Amino acid sequence: VKSLSERLSQVEFMKSLSDQATDQNYCTPSGIISDACCEYETVEKMNDDLSPRLRELIKTDFFKYYKLKLYKECPFWSEYGQCINQACAVETTDETDVPEMWRSNVLGALQTSQAGTLFQPFIKCEYTDQDFCVVEDETDSEGVFVNLLDNPERFTGYAGTSAGRVWKSIYEENCFNVVSSMDPANNNLASVPTSKNQLPEDMAQKIDTTDIEEVCFEKRVYYRLISGLHSSISIHICDEYLNQTTGQWGPNLECFINRIGSHPERLQNIYFSYVVLLRAISKAADYLNGYEFCTGDKIQDLQVKAMVGELVNKTRSCPETFDEKQMFASPESRSLKEEFKNRFRNVSRIMDCVGCDKCRLWGKLQISGLGTALKVLFSYEDEFFNPKVNPNLLTRTEIVALFNTFHRFSESLTSIERFSQMYQEKINEAAKSEIESTKSIINQLLESLPEKYIEAIISIKDLLSSYLIQFNRLIIQQLEYWDIPVPVLLTSSTAS
């Protein structure tokens, strides 16, 4: 009897989860995005419109080739945690396969001084005063071209001490010491799933904002961008996960629940980072509309220009998402701007300490994309984005990084919806399985009882039911006497 009672309690719990998952659309936040100017639902509608355009845009030659210095020495510690898995490797592209105008010898020749071959130009800095991250230099002969489509961001098996050290350094040394306030459960997102059947009781829990509100706006924005990037990367890993038993790639629900689904603040930070990127592209719309997307193929260049124009104009027509003018507005907060830049630049350097080549590639690219968005939002006023006046405001690598990063966050929002549906299906299946199992046990129990006991149980059940109906009718009479509306559930329980 005790065992049966426990199983019935489990049935009730699974049933409540099933109902909650269906009614609340689990793992889908609602309302105003904290520190932003729009609602989650608005962002999801915008992404439904923008995501197909982004998917097509990043397939073009201009946006699929990215040049970076992939193999730079880690500037902070000796990195011995190299990933030896084949999935960690990056397939580079020979310069002869990219448009001639992007090749190092051509770009280098364009910058040759008329002072002669003995003249040595100044060494180019890694960044300017306007930059929020280390900027990749396409003229660098040590840089390599990568076809991003041939090196998708997904699970590589890279984890453990090396991965943990990178994120620990970012959060503990470069996030203004606000991690404990912003994400008390900030465990290592680089870990792999530990339970094959883990299902949280409440994936839609609310965040205690008491400590968060004590952190100044600028520091909250900084942390949310870093957390949003980290969480988005984790979603890509879970969405393109290798089942080492079957050898098949596909979404891993348990991975998503462990890393993101059971931490609503991380989920919300993905949305926040998305709206910041959206606002940056909208602000730079005039510049991007006037930019020459040159690959040497005039037909494709015109197509890319049209695609970019259509996309950025869509972002400009979107409702306001983020107000950058609130940042560094007071005399007290203006001193934070330089520290904000330096810490973000530091994060871009830390990415050179990632032991997995593919993880390093996507980490460097997306930090550059976010850094470019911050540069657009906080280094220039609106009038600077006139392409005729300032034609070289952004480099090709910055534009490629910006749009590919926006695409990555767009795919994260799409994946969240997919994982939410998977979660609902899993909960419903578990509830049905538990109910069927319990019914089977009850039937077996009844079959093992003598017939006279079964008849007695049925008689007691009928007697109790009749008493309950009479009791409910008395309650209804009293409610009607007091002129109180009678609940439908109570009325239906008295129907004979």
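Backbone N, Cα and C define each Cβ position, glycine as well.
Among C318, C359, the one TrEMBL lists as the disulfide partner of C356 is C359. Largest Cα-to-Cα span within the FAD-binding set R154, T156, W167, S227, H230, R259: 20 Å. Each of the binding-site residues R154, H230 was scored by the other Cβ atoms within 10 Å of its Cβ; the lowest score goes to R154.
The two recorded residues C356 (disulfide bond) and C88 (disulfide bond) have their Cα atoms spaced 5 Å from each other. Most buried of the binding-site residues T156, S227, judged by other Cβ atoms within 10 Å, is S227. With respect to C359 (disulfide bond), the closest of these binding-site residues in Cα terms is R154, chosen from R154, S227, H230, R259.
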